[in-house]
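Here is what TrEMBL records for this protein:
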- A:C168: active site, glycyl thioester intermediate (ACT_SITE)
- A:19-24, A:D43, A:51-54, A:K67, A:112-117: ATP binding site (BINDING)
- A:C153, A:C156, A:C432, A:C435: Zn(2+) binding site (BINDING)
- A:561-572: compositional bias 'Polar residues' (COMPBIAS)
- A:597-612: compositional bias 'Basic and acidic residues' (COMPBIAS)
- A:10-410: domain 'THIF-type NAD/FAD binding fold' (DOMAIN)
- A:329-369: domain 'Ubiquitin-activating enzyme SCCH' (DOMAIN)
- A:556-612: region 'Disordered' (REGION)
Amino acid sequence: MDSQQKLSVVKGAKVLMVGAGGIGCELLKTLALSGFQDIHIIDMDTIEVSNLNRQFLFRQSHVGQSKAKVARDAVLKFRPHISITPYHANVKDPDFNVDFFKQFNVVLNGLDNLDARRHVNRLCLAADVPLVESGTTGFLGQVTVHVKGRTECYECQQKPAPKTYPVCTITSTPSKFVHCIVWAKDLLFTKLFGDKNQENDLNVRSTGAASSSEPVEDVFERRKDEDIEHYGRRIYDHVFGYNIELALSNEETWKKRNIPKPIYSRHVLTDEFTQQNGDVDKNLATDVGPSVSAMAFLGMNNPQDIWSLMENSRIFLEALKLFFTIRGKEIGNLSFDKDDQLAVEFVTAAANIRAVSFGIPLHSLFEAKGIAGNIVHAVATTNAIIAGLIVIEAIKVLQNDTNSYRMTYCLEHPSRKMLLMPVEPFEPIKSCYVCSETPLLLEINTQRSKLRDFVEKIVKAKIGMSFPLIMHGSALLYEVGDDLDEDMVANYAANLEKVLSELPSPVTGGTMLTVEDLQQEFSCNINIKHREEFDEEKEPEGMLLLGWTQPFSAAEKDNNRSIGNGASVSNASSSTTAEAATDDEIEIIHSGKKRKLSEDSKKTDSGISKVDDETKISKQLEILDDEDDLVMLNEGGTDKKKKRLL
Amino acid sequence: MDGEQLTAQETALYDRQIRVWGADAQRRLSKAHILVYGMKGTVAEFCKNIVLAGVGSLTLVDDRMVTEEVLSSNFLIPPDENLYSGMTLAELCCNSLKDFNPMVRVSVEKGDLSSFGVDFFDNFDVIVVSSCSLAAKKLINKKCRTASKRVAFYTVDCRDSCGEIFVDLQDYRYSKKKLEETINCHLQYPSFEEAISVPWKTLPRKVSKLYFATRVIEKFEEVEGRNPGEASTADLPGVLKLKKELCDAHSLNESHVPDNLLERLVTNTSEFPPVCAIIGGILGQEVIKAISGKGDPLKNFFFFDALDGKGIIEDISSDSNTGK
Ligand SMILES: [Zn+2]
């Protein structure tokens, strides 16, 4: 690289950074030092304490402020004469449309979620702007280059599918701690403190058959004038005692499983004990907000401790009491938030008590918080390394040095002596529904599924559109937008509730639908195939989308260490779906999920350890034994041909 | 470990990284004392990383004044003459680093590190030096080795878009978990002097070319009496001549030390910020590993060249190359 030429392309470039978090802080610093002079940065987040260990542009005094703006100010201190334009906004806002993207020479992603990454990928394709994409988790990281028509797009490769748990695993047969967490967080917590109207599978059913009609009184409702102690114990006994007892009656379930044991509060806690906890209203001010803590109240202060059953029970009752006495106003509107101390305490305790019932090892609050909050492991060093690699690729993109583009993996354990492993980028996949025109195939029961199911489960959840428009030929079946007239809105609302085959323009087997997102300027076609039956366990959504991402194999299900290890129950569907993690820097090694870097069987210098198991890279790595010793990934195991950028 | 617990403040601040290396490792980090010498861009990156990680203390040594070159890659120094005049590089960096993490003690030590007595080195767990002459590297490494406890020694340097890290953990034992088993590992490191005396022809054929090129330039600067990093384009003929001599002396084919690589390294001696970030990141990770006892530390050289994008570990020690 000629350094003069390098400097001039860098100086003249206008770059967009998406994300001012872990990678973003490092990236902004490195861009500024490298001579970039016109940098725009989008981030909707505000600064939190747990960011400060690695997002080095932020200080304690900045907590609560916009990341994009504070990052700008911090970098201007050592590079006062460059232009940094911050946007404290969501990259999915309509303002950031294709025209907005077109003004940049390159887009650099330091994002924390799949959804936004896909959105940016589509905008970059539509605007024809190169994208350098990145991700880290713990000591692992990767940087990839996506240039329309030359290299694969971000969505050419299958992405880790959200983890799903069959609903009965959560409600009746948990076998891992994460199942208990999901139950505590998405069912119990929501039932007690969240939206009462939401469908909730908390109560196990005594038979496998769904909803027998039993319009009994809601046991979770606090009765008028019911003493809070009494209420807490009633809930405790219901969910940890009665419900388990009820489940036991279904003998078939337990033939091959450990039989759970019902737990009642009277067996765990003595009466005088709860009394000692004193009167909350007297001891605490009324507006302590989210800092209220049952742990603090009970004199337990180490989040790394694993509590006993009794301690968990005390926390459970105390937290419940604190919610009702101090945060009563919020009840009915709460949803779980990993930064809500009391919520984390409640969920930890509830999950642990349930774990005792089912003979599952208990966990500390620290660990439980990580699982419940999908907290991603993050260290400063990996982010710094990845940011350096992003800038190197960005400069190549600006120089149009296509043959030098690399995707680079940052590994925890060396592979072929390498900790930083460059790989040639892949060509675009011809059947990619995002960057090519290949239609998707949807198997669905057109006589039972409603348009709403299709919109929610496929168009939004799977295809990742935010503002979809659905067409059957020239007939518009559905669209969203601010400028629709009332008739249309009513019309679309009615369509949503219709079964596909009964829509004004009926959708049946053989139909091709066009789905479009106007903001992403992205559209794709979906061929509909009617299918009568779906396996409830394996295909809980009751439909199957082909040609985008295959469901994970059974082996994957047993893997706890996958990224985004938490999960949440989706009430709309009969399955429990893990959300993509929402903290910083998530989502590892995008292709890492499915490519294995196997060892080079050819001559190598010395014994070389396998690539980090944690990367779970599962397809074959082929090594070109050329002078440059370049490493190339190949989709081994499938019939796909080698893909190289030429 | 002793029973000391992390404070609530530490747990909150270090939450994400404790999830990576555990509370024990975090406690060890908070008791570690680190010294760095030579405050250029790569060392600034390294300092940022370990201050964020939460080491016990960081001591900076560099009495030089600000230069254009330092300003170009060191983000710890505000480019305002009113702010930096009269202060040494160490003092300026110290002020910025203190801000990054109030829980880490950052301080400045004046003087020439290679002239400090061995008992001074006893105060530290890790010494990192940059922009040091060959003689100074050898001497400081020797002092680390004669200290009463183990003092880990690292050198780090970046030129053009290349970087090199050297590691000496002396006699290093650690354990790791593989599945349910705990494996005890033992690594023996050569000193810098021992490592670079390993005859070139005994090294594996594919050893990084950067290793040889860096040795040539290091040697050139020593024999010509230059400061580290001072060889320039004008010196290329001399450097190439020395390369030939060294290759001859080691019976190594000259193709292992390409002329164009040497040319790059003498033409552009300043640091390339993305490479500073990468090398500073790898070095930070290595120092954290060595202090915490978590993870396999690299032995004993690391090279990165932005041109091919590879970040490679080379084991250059006499015992590892004898057909083991
Ligand atoms: Zn694609």
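Every residue, even glycine, has its Cβ placed from backbone N, Cα and C.
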Taking ligand 1 as the reference, state which of the binding-site residues A:G19, A:N53, A:D112, A:D115 have a Cβ closer than 6 Å to one of its atoms.
none
Per the under 8 Å Cβ criterion, the binding-site residues A:D43, A:N53, A:D112, A:C156, A:C432, A:C435 that neighbour chain B are A:N53
Around the Zn(2+) site formed by A:C153, A:C156, A:C432, A:C435, list the extra residues of the same chain whose Cβ is within 8 Å of the site's Cβ centroid.
A:L125, A:E152, A:Y154, A:E155, A:P428, A:I429, A:V434, A:S436
Under 8 Å by Cβ from A:G19 (ATP binding site), counting only residues of that chain that are 6 or more apart:
A:I42, A:D43, A:N109, A:G110, A:L111, A:D112
Helix, strand and coil residue totals from DSSP for the domain 'Ubiquitin-activating enzyme SCCH' (A:329-369) stand at 24 helix, 0 strand, 17 coil
Where does A:D115 (ATP binding site) sit in DSSP terms: helix, strand, or coil?
helix
Sort the binding-site residues A:N53, A:C153, A:C432 by C-alpha distance from A:C168 (active site, glycyl thioester intermediate) and give me just the closest.
A:C432
Spatially closest candidate among A:G22, A:N53, A:D115, the listed binding-site residues, to A:C153 (Zn(2+) binding site) (Cα to Cα)
A:D115
Those binding-site residues from A:C156, A:C432, A:C435 that fall inside 10 A of A:G22 (ATP binding site) by CA distance are none
Nonlocal residues around A:N53 (ATP binding site), in sequence order (Cβ under 8 Å, 6 or more apart)
A:A380
Rank the binding-site residues A:C432, A:C435 by the number of other Cβ atoms within 10 Å of each Cβ, and give the residue at the low end.
A:C432
